[in-house]
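Feature annotations, reproduced from TrEMBL:
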- 55-74: transmembrane segment (TRANSMEM)
- 94-115: transmembrane segment (TRANSMEM)
- 127-145: transmembrane segment (TRANSMEM)
- 151-168: transmembrane segment (TRANSMEM)
- 188-209: transmembrane segment (TRANSMEM)
- 215-234: transmembrane segment (TRANSMEM)
- 246-263: transmembrane segment (TRANSMEM)
- 288-424: domain 'RCK N-terminal' (DOMAIN)
- 593-618: region 'Disordered' (REGION)
- 640-660: region 'Disordered' (REGION)
- 706-846: domain 'RCK N-terminal' (DOMAIN)
- 955-999: region 'Disordered' (REGION)
- 973-984: compositional bias 'Basic and acidic residues' (COMPBIAS)
- 1118-1150: region 'Disordered' (REGION)
- 1140-1150: compositional bias 'Basic and acidic residues' (COMPBIAS)
Amino acid sequence: LTISAMGSLVTTGIVPTVSLLSRVQVEFYVNENTFKERLKLFFIKNQRSSLRIRLFNFSLKLLTCALYVIRVALDDPEQVTGIAALVNTFLLSVLHQVTVALISFLEAMLLTYLSYKGNIWEQMFQISFILEMINTVPFIITIFWPPLRNIFIPVFLNCWLAKCALENMINDLHRAIQRTHSAMFNQVLILICTLLCLVFTGACGIQHLERAGKNLTLFNSLYFCIVTFSTVGYGDVTPHIWPSQLLVVILICVALVVLPLQFEELAYLWMERQKSGGNYSRHRAQTEKHAVLCVSSLKIDLLMDFLNEFYAHPRLQDYYVVILCPTEMDIQVRRILQIPLWSQRVIYLQGSALKDTDLMRAKMDDAEACFILSSRNEVDRTAADHQTILRAWAVKDFAPNCPLYVQILKPENKFHVKFADHVVCEEEFKYAMLALNCVCPATSTLVTLLVHTSRGQEGQLSPEQWQRTYGRCSGNEVYHIRLCDSKFFGEYDGKSFTYASFHAHKKYGVCLIGVKREDNKSILLNPGPRHIMSAPDTCYYINITKEENSSFIFKQEEKDKKGLPVTGLYDAPARLPVHSIIASMGTVAMDLQNPADPPEDCSKLTLPTENGAGSRRPSIAPVLEIADSSSILPCDLLSDQSEDETNHSDEEGSFVKGYPPNSPYIGSSPTLCHLLPQKASFCCLRLDKGCRHNSFEDAKAYGFKNKLIIVSAETAGNGLYNFIVPLRAYYRPRKELNPIVLLLDYPPDNHFLEAICCFPMVYFMGGTIDNLDNLLQCGIIYADNLVVVDKESTMSAEEDYMADAKTIVNVQTMFRLFPSLSIITELTHPSNMRFMQFRAKDCYSLALSKLEKIERDKGSNLAFMFRLPFAAGRVFSISMLDTLLYQSFVKDYMIPIARLLLGLDTTPGSGYLCAMKVTEEDLWIRTYGRLFQKLCSSSAEIPIGIYRTESHMFSSSEVRQDRDSPCSNTLESNRRESWKEKTAQRNSTTSDQSEHPLLRKKSLQWARRLSRKNTKPPSRTERISQQRLNLYRRSERQELSELVKNRMKHLGLPTVGYEDVANLTASDVMNRVNLGYLQDEMNDHQNSLSYVLINPPPDTMLELNDIVYIIRSDPLAGPDVPEDVAQGQSSGGGQTRQDFGTETRDETHL
């Protein structure tokens, strides 16, 4: 009935019959209420009760075997006589064995009845049932028929029933506790039980049968069986009658059939366990610390980079590394993990991070950290990111408290894993680093060396001075310490940041680059002199090692304690390092707190001249303890604004400063940039095609004042946005902005064009770098830098290291066609950088190759650092930055500092990385320590390193002749003296550096010695061949030049901008060498070395064309500068400059 119908019946007074019916109770599982089902539930189905039954059965079988052994040991037919023997036999056999047999028989019949499934013969012919009947029925019959009491019953066969009961008991145990042991454990247990049963059966059977022969004891029978099954066969104990011998034959046959099958199963499980890796033990997880590495595929390079960087830190030596990878371990990885250095600390588990069982095997909930790395070799990088995101979600769901370190490839996928503790987006860092390489040379090398762990021991045994210096400075890393706990910075409490940075560098050789307030989570790089240091501040500094691993000797303090007279500042050499004392000589103003007081000894400020007459040396203002607005130059932002106002009528039009209105992806950090007043149309962004707004079709028609920056990429990904932002940041002077041309294989979508149309002088065109016409159209002859980005389609190849083949060959072709172009290349594999600008007959490169092998054999993490392309910043691989994520486990501040240095993040009050060039007018500063003071006192800038270029001019024939010449040593010493004179002259005068190339005979001899070249003087035939080779090379250069000119004429481009390579003079070559270009193909006897010196000692001499990396304070952080000061700065002279004297140089050439 429906509810409405029942309601109507009730209102009419009629009671429905349905309401008179009682409710029906439905019982479920009625079949289990029967007696049989209840017994089956108790004996078989229920895990706990079944486990108790199995345990009872196992104990019963063991008891029968023990009773048999006791009976055999007490039963001696030669000594047992009379009533005592009868009583003993009756008690053992009747009271015990019969009782046990009766219980076993009843249990066996009950289990057979409960497990009956319709076929009685199948139950009766089971081996376990037959053995049960053999061992129990005769004992029961003897109760009713006494003559059968003397019959022999093989009770020892119950050991096989005990084995079956043990296997069933283990299965029930796993079901009861809901946990499983490994299959390996079960198989080993079965194998051991099988061996024990064979030995026990043989020993008991032989002992009983030999009663009719030699009457062996049970121990002798056991000894015989063990000797026989172990295939030793001494022969001292043997069976003598044929029944026992037949039993031995049967047992051996059974062993030959059963044992190999079990060993095969065990070997198979062992191999499968080796593939899957087994489990990380729970006990080890609770007592030891471990980190988990989750990857989709494990390559040998990735593994070694992780292990070398992870275990480079002393406090991680006791950690275990658990690798969780879904693929099977390859041969190379297996070979590495078998090395004792790693086999005891690295555990490989084959499994997926998406399965809780595999995460449980890795004990993820007990892990100290979980590193999730993306597979960058995948063709579809977006799909690789999706896998990484799912892994991160799975780990976070399983172990919420485990710290996550995630590597992501595409920036648009970064916000999916923002919950992770540390995230490194590969394309963000890659493009930002490549962009800074164009304005700050070798930024990629600088950052790579900073994020690698090294002790600065690389290259220290090399006879090359530059390699020793470069290797020692590469050991500098970023460390942190609280100001109140520091001896480096503790004395600067209440002083300005700039004062603390300069004096800490002068006194201890450490470079203070940043600070973090206790109440602020943001790290500030060079907050400027207005930041006053306080005790709770956290200081971030660059040094060869952290302060906790340093020892300090203060002899000045010891003299004060002993009451000895205090000497002058430089009379206590132990108070300051030697390099600090050398750097401070002649700069007494460095230690004066009051610049108004003149120094006592003015002779220290004199500069020696050629004629011996003394003159006033330009002094350097001291770094003040507290910031003084009159001593700090006006910020660049104001001068740039005035520049914008005065140059409002420039061809490029006026720019405005603001935040980009459109970001291509979620999570990009807002950066104040130079922007167009109005967005450019999409058609105007196309470089090679005109539109209704302009008719320009090539780079020459635009008439750019600055050199171009060309970026060659496959697609316009969102990461390319991070290449443009650092080059258009507000702190870049507008007159120094370089036009950016994107050379793309595939046209960009409108979403990307919408993001870049607000930036000035950013263009794109379709084309590839292997097409000469495309290169000429995009204006390569007007470019200073060409950035070649690794293409996604070439990242995977059949042979791993062949992924860079096309890029390397194309770059080599461009290097031959355009030698003056600075080409910055990204490679997939760092080991392929040795092929960049490759020359087969370059002896110096061959020597560096052998040096790399030596450093790799020593276990260096930076064996590739001496490769000339890497040292010069011309090649870069994103895999080098994997260590940034690994270091974050120990240094959680490394990722924020790297992002601030690269301009990915802009924290208010934090400085930015830029570079300045040392010119002839700046050589009066002489040393890096004096430059540090000059920058701190004048513009509050913090230098962190030097990019140095040294030239080598040599001839192969001259080297060979000099070796065999009797006066070679004299000539070499004369050359060295001549070089010293030229260096002194360069430091004291303004001579032309291009006329004095750097000679390094020692370098050449070392290179020739390592390359094992023939030292015999060349014959006449060899000289003629060399001349022919020179003619061939010159014709090749002319041929390349004609090829480029012909293509330019065919495209209708003017050939005026293209410089003929064959017509370059020696002066042009030297000028380009000083700019840091490698002119290997321009001059057969010319080579240049460019390398980075991170935090060099204060006594390091400055050289011409050195590029100094500096961290400039944020122009927006300080208070407004008075208008009169700004006008004085813009007009070129003011009160600030006059305070330091007319001879003081307040600014260096930028």
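The backbone N, Cα and C atoms fix where each Cβ goes, glycine too.
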Other than its close neighbours in sequence, what residues sit by the transmembrane segment (151-168), given a CB gap under 8 Å and a spacing of at least six beyond its ends?
54, 57-58, 61-62, 64-65, 67-68, 97, 128, 131-132, 134-135, 138-139, 142, 186, 189-190, 193-194, 196-197, 200-201, 204-205, 208
Using a Cβ cut-off of under 8 Å, list the residues of the same chain at least 6 residues beyond the transmembrane segment (188-209) that approach it.
65, 68-69, 72, 152, 154, 156-157, 159-160, 163, 166-167, 170, 216-218, 220-222, 224-226, 228-229, 239, 241, 243-244, 247-248, 251, 254-255, 258-259, 262-263, 266
Please give the sequence-distant neighbours of the transmembrane segment (94-115): residues at least 6 beyond its ends with Cβ less than 8 Å from one of its Cβ atoms.
36, 39-40, 43-44, 57, 60-61, 63-64, 67, 71, 123, 129, 132-133, 135-137, 139-140, 142-143, 149, 155
Across the whole of the domain 'RCK N-terminal' (288-424), what does the mean pLDDT come to? Round it, please.
90
How many of the residues that make up the domain 'RCK N-terminal' (288-424) does DSSP mark as helix, as strand and as coil?
59 helix, 28 strand, 50 coil
For the domain 'RCK N-terminal' (706-846), DSSP counts of helix, strand and coil?
60 helix, 29 strand, 52 coil
